[in-house]
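Q: Below is one structure. I have some questions about it.
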Amino acid sequence: MRQSQQLPLVGLLLFSLIPSQLCEICEVSEENYIRLKPLLNTMIQSNYNRGTSAVNVVLSLKLVGIQIQTLMKKMIQQIKYNVKSRLSDVSSGELALIILALGVCHNPEENLIYDYHLIDKLENKFQAEIENMEAHNGTPLTNYYQLSLDVLALCLFNGNYSTAEVVNHFTPENKNYYFGSQFSVDTGAMAVLALTCVNRSLINGQVKADEGNSKNISIYIKSLVEKILSEKKENGLIGNTFSTGEAMQALFVSSDYYNESDWNCQQTLNTVLTEISQGAFSNPNAAAQVLPALMGKTFLDINKDSSCVSASGNFNISSDEPVTVTPPDSQSYISVNYSVRINETYFANVTVLNGSVFLRVMEKAQKMNDTIFGFTMEERSWGPYITCIQGLCANNNDRTYWELLSGGEPLSQGAGSYVVHNGENLEVCWSKY
């Protein structure tokens with residue numbers, strides 16, 4: 001896709017419409033870095049550090065300047081495999097993440113971006129998303145979180161995109177920002193980061209657009225920021241525990257769009273640190289996505305031309321040895337009630353090791369009765385994603401999916417990260433959003 005045609009500069013009017021986007025940031029103090037160790041443990045030692053999870057971990061650690069050579073070498077090899085062997089199977093958002101991770105700063109791995117023409121391939125995948133929206137009532141091939149990642153990567157790495165199409169598809173009231181009737185904070189936050197990048201490119205003259213597009217993008221950012229802040233809880237979390245990190249990034253770069261009294265950044269930071277101490281971020285993707293904000297970083301700090309920094313000394317982490325995790329002593333078992341609901345409900349009582357995640361329950365149930373509980377999954381940016389049960393598969397165009405519930409309430413964590421409890425009533429339900 002090509003950029004919008006060049007039009008005359010709009011001078012002072014443009015700058016009056018688009019705020020300066022100076023960041024207001026709170027971050028973990030160096031004396032409190034020890035409180036981030038559980039996040040590092042999760043990212044470094046997890047069994048799920050493969051596929052997109054590896055990309056998220058590399059992106060997060062490199063962005064905050066933590067260099068653990070043995071870990072990075074292993075994960076970079078996984079990313080290279082994806083680039084060389086299965087790029088056609090990678091979604092647009094996953095490819096955008098790969099580009100961001102490889103090009104966080106000036107390093108040898110960034111050559112993969114250009115050797116394998118990843119920017120060109122992302123442009124093509126982004127165009128396929130647009131074409132699917134035009135053919136299927138505004139629904140992309142993936143989702144708007146990934147679409148926002150696409151725009152962000154193309155913006156940061158000088159790819160071709162149309163500001164007119166960004167304006168057309170990123171209106172704040174678009175249905176794709178919502179999951180049912182619920183505004184998706186992490187989707188809105190990623191859109192703010194992408195739109196802010198486009199905004200800055202307009203101001204700097206890197207991308208040309210007419211005055212109307214520039215004004216609309218500024219209006220979109222303001223509206224999305226208001227929606228994000230409307231999801232702020234009394235304890236400071238924004239949306240839920242796992243969307244808060246990206247919401248913080250969005251608010252860092254958009255402080256001209258809200259009043260200082262609208263958000264107590266330090267309260268949010270303190271609550272997230274408490275959540276960390278209680279083991280909330282047991283999934284490497286969740287840990288990777290919250291760490292940059294806690295260190296005062298955003299995806300807009302990615303700069304392929306800047307030197308890579310190292311902050312690992314401040315964490316007392318060896319560059320050659322990973323952080324160690326103490327294995328649990330308990331090998332006790334628990335029993336949970338598991339059900340699959342389509343037109344009727346199928347039940348099973350499943351016994352798993354204490355500390356098991358939802359996915360393990362599904363795997364045990366599948367072994368008990370593959371016809372009723374058989375399922376398929378694929379790796380997504382947040383870990384394992386349930387695609388099909390009993391041959392009935394989620395479909396973006398139909399806006400259908402498999403919803404995970406506990407005690408009848410939707411879970412905010414995925415199958416690979418939610419730790420189940422003894423006697424819990426777990427359910428997977430065929431749903432529409």
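In case you wondered, yes, glycine gets a Cβ from its N, Cα and C as well.
TrEMBL entries are annotated by machine, without manual review.
Got these off TrEMBL a minute ago, pasting:
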SIGNAL    1-23  signal peptide
DISULFID  Cys26-Cys265  disulfide bond
DISULFID  Cys105-Cys308  disulfide bond
BINDING   142-146, Asp186, Asn240, Gln289, 385-386, 402-404, Leu411, Tyr433  cyanocob(III)alamin binding site
DISULFID  Cys155-Cys197  disulfide bond
DOMAIN    355-431  domain 'Transcobalamin-like C-terminal'
DISULFID  Cys388-Cys393  disulfide bond
Q: Quiz question: given the binding-site residues Tyr144, Tyr385, Trp402, Tyr433, which has the greatest number of C-beta atoms lying within 10 angstroms of its own C-beta?
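A: Comparing the binding-site residues Tyr144, Tyr385, Trp402, Tyr433, the most crowded Cβ belongs to Tyr144.
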Q: Between Leu404 (cyanocob(III)alamin binding site) and Cys105 (disulfide bond), how many Å separate their Cα atoms?
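A: Cα of Leu404 (cyanocob(III)alamin binding site) to Cα of Cys105 (disulfide bond) measures 38 Å after rounding.
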Q: What whole-number Å value do you get for the CA-CA distance of Cys155 (disulfide bond) and Gln146 (cyanocob(III)alamin binding site)?
A: 14
Q: Of the recorded positions Gln146, Cys197, Cys388, which one has its Cα closest to the Cα of Cys105 (disulfide bond)?
A: Cys197
Q: Which of the binding-site residues Thr142, Tyr144, Tyr385 has its Cα closest in space to the Cα of Cys265 (disulfide bond)?
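A: Answer for the nearest of the binding-site residues: Tyr144.
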Q: Determine the Cβ neighbour count for Cys105 (disulfide bond): the number of other Cβ atoms within 10 Å of its Cβ.
A: 18
Q: With helix taken as DSSP H, G or I, strand as E or B and everything else coil, how many residues of the domain 'Transcobalamin-like C-terminal' (355-431) land in each class?
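A: Split into helix, strand and coil, the domain 'Transcobalamin-like C-terminal' (355-431) gives 15 helix, 34 strand, 28 coil.
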Q: Measuring Cα to Cα, how far is Cys197 (disulfide bond) from Gln146 (cyanocob(III)alamin binding site) in Å?
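A: Answer for this pair: 16 Å between alpha carbons.
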Q: Would you kindly give the Cα-Cα distance separating Cys388 (disulfide bond) and Trp402 (cyanocob(III)alamin binding site), rounded to the nearest Å?
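A: Each residue's Cα considered, Trp402 (cyanocob(III)alamin binding site) and Cys388 (disulfide bond) end up 8 Å apart.
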Q: Of the disulfide-bonded residues listed here (Cys26, Cys308, Cys393), which is spatially closest to Tyr433 (cyanocob(III)alamin binding site) when Cα positions are compared?
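A: Nearest in space to Tyr433 (cyanocob(III)alamin binding site), counting only the disulfide-bonded residues, is Cys393.
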Q: Measure the Cβ-based neighbour count of Leu404 (cyanocob(III)alamin binding site), defined as the other Cβ atoms within 10 Å of its Cβ.
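A: Around the Cβ of Leu404 (cyanocob(III)alamin binding site), 21 other Cβ atoms lie within 10 Å.
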Q: Which one is it: of the recorded positions Gln146, Asn240, Cys308, whose Cα lies the shortest distance from the Cα of Cys388 (disulfide bond)?
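A: Comparing Cα positions, the candidate nearest Cys388 (disulfide bond) turns out to be Gln146.
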Q: Look at each of the disulfide-bonded residues, Cys155, Cys308, and point out the one with the fewest other Cβ atoms around it within 10 Å.
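A: Comparing Cβ neighbour counts within 10 Å for the disulfide-bonded residues Cys155, Cys308 gives Cys308.
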Q: I need the nearest neighbour of Tyr385 (cyanocob(III)alamin binding site) among the disulfide-bonded residues Cys26, Cys308, Cys393, using C-alpha distances.
A: Cys393
